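Novice: Look at TrEMBL and you will find 314-330 tagged as compositional bias 'Polar residues'. If you look up TrEMBL, you'll see 18-78, 88-146, 151-217 marked as domain 'Chitin-binding type-2'. The region 'Disordered' annotation in TrEMBL covers 289-336. TrEMBL lists 1-18 with the feature signal peptide.
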């Protein structure tokens, strides 16, 4: 770390002394040695000193505007800066993120002093500490009412199918096949199945759309979107010259992409099991993987089992570890 700091100082000394940019092509940004709201910019070998917009500081990672980041996200260290608000209606600084109201489900971003309204995902509220959306039960000190935001009250006594998932019982949302409610420490949270799954009200789990007949409308929409996305990603050109055949999708399911004259099409597999399979045939087995933990759970959380090694083997088929990392569980939530 010390060697890197010495190299950085040497580089900055070269810039300041007029030796020019170290790179003659492309765009590079370098921190100012003394000021956190200033930085050096090299554009195809041309050196300029730049100033961050009001409300922004430079940390080398900023992507808000012109290599600068929100001031509350930057650690300036010994570098100095002047942070004077240039306010416009709704914006304290020209660039920033602000809550619409305490514990609001919406917020707004300011860019060049203009207000741009944004909304949290369903069941989340704006967290002024992190400047992002969060579970409302983690914002009780900010005056949040999780039951009011989610529109559900967790029962004092857990019974029925929901008890199977205790201490985090799950409940279906009437008329919604893509999300569910999970109770954490007695507070409700809306959790999403993900872009390619639907919620089964019978098993209280997320599954492939074709396996959840109780969600025909949501299932057909998800199936259509998944089909379009996967077929578009399937490269038939690389298979040109090969006979028409089936290629399994990246998910362990009963569907496959079939190449016919260099065009992808869809088919439903009739898998012989177990005795009628031909010699040498090895199946893709469906396997429910442990889900990721619910964000923000305070204690008592069971650690998910990991998929070890460089790959995992299912009945003779080896898949890379990244294959399984794409599986989602109902316990994920999106923050900005």
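Yeah, the Cβs are placed from backbone N, Cα and C, and that goes for glycine too.
Buried or exposed, and what's around them? Tell me for each listed feature.
Specialist: Confidence over the domain 'Chitin-binding type-2' (18-78), given as mean pLDDT on the 0 to 100 scale, stands at 92.
Secondary structure of the domain 'Chitin-binding type-2' (88-146) per DSSP (helix as H, G, I; strand as E, B; remaining residues coil): 7 helix, 24 strand, 28 coil.
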Novice: What is the three-state DSSP composition of the domain 'Chitin-binding type-2' (151-217), stated as helix, strand and coil residue counts?
Specialist: 11 helix, 25 strand, 31 coil
Novice: Looking only at the domain 'Chitin-binding type-2' (18-78), how are its residues distributed among DSSP helix, strand and coil?
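Specialist: The domain 'Chitin-binding type-2' (18-78) comes out at 3 helix, 25 strand, 33 coil.
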